[in-house]
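Here is the structure we will look at, set down as structure tokens.
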């Protein structure tokens, strides 16, 4: 039997702004952690007496756990409440970050990275859902604009901050910086969102579905992360992981389609807006993730840039949304979102053509960053409109499931680009004089 509660009135004034800051900071914290350690692997491996290949499990372990946790967030939130799950996730994410910073060997670090990844999974979907629930309906577009800025900026800040910390401080600060942010989020949310828990229902845990999800997503993540190191399909390990992943994911879709208590709410795809929005967001992430993943590594590996300057070279992709997103959020209700999305994809086409004819080993810093400003403008014009389109028409109690599904597909695109990054940069190192 569901536990029903009257829906609290939307927040207003300073309380609303403080809640917005807290929920956006939680998103920033999670997105930052997904990229900040990437440039620190050699430093961490050397300090802990491990090889660089062994050190990459610091990234893989977090990625596998995160990929598994994201899609089950909606079901867990329905069982224990969105706010309660969010607060638990922030608490244990912060504690696991502290333990990561104190780790004295690689095995301990990997264990706490798994815990950190599991706790990170619910942060983005629930911060988005809680934000929408506590904003007045007429201001939700503006809320998404503020929230989306953190999603865009954090992955760009990660490598820059990670490189700076490794060059000037102990590597443990890469994880330790999450602790004060977590304390701020917990303090604000416990104080300002008290008594605003969502409805819960005693949903049974779908163990077959969960098992298939773990095998499918976990196998896919490990296969993508370790494919290049093991020479892809020349390795029996990669072949086995691929077969297990494909069979498990196909079985998962079939099982979830017929289950009375599905982990993945596939009924969301009955909404035309949600389906079109998710497909479009996934395509858009292909362009966006390519820029923030592949280019910085190319600049470092082939053109001699350090982590900080490589990050600054593509920082305009985050600067422009920071300036434009609030304007789109404020006046978005007066604009046809479909026109903004179409415009953003056209801008992407122009940017990538621009790079194709100008990006050469002799290009200077100015030539690198100019297209980034235009791409940053395009990013601002697709994130917010597509998210708004995806959620339009959905009832409030579907927000957590919808956000989980959306972020799950976006995450799959991001991890796929890391594979392209590894192969492309490796090939470039060989052919570049």
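Glycine is no exception: its Cβ is also placed from the backbone N, Cα and C atoms.
Among the ranges 276-295, 396-415, the stretch that TrEMBL annotates as transmembrane segment is 276-295. The recorded stretches the transmembrane segment (85-104) and the transmembrane segment (307-325) do not share 3+ CB pairs below 8 A when only pairs 6 or more apart in sequence are counted, and are therefore not in contact. Between the transmembrane segment (205-224) and the transmembrane segment (55-73) there are 3 or more Cβ pairs closer than 8 Å, counting only residues 6 or more apart in sequence, so the two stretches are in contact. Remote same-chain partners of the transmembrane segment (55-73), defined as residues 6 or more beyond its termini with a Cβ less than 8 Å from a stretch Cβ, comprise 33-34, 37-38, 41-42, 44-45, 48, 85, 106, 109-110, 113-122, 124-126, 210, 213-214, 217-218, 220-222, 225-226, 229, 263-264, 400, 403-405, 407-408, 411-412, 415.
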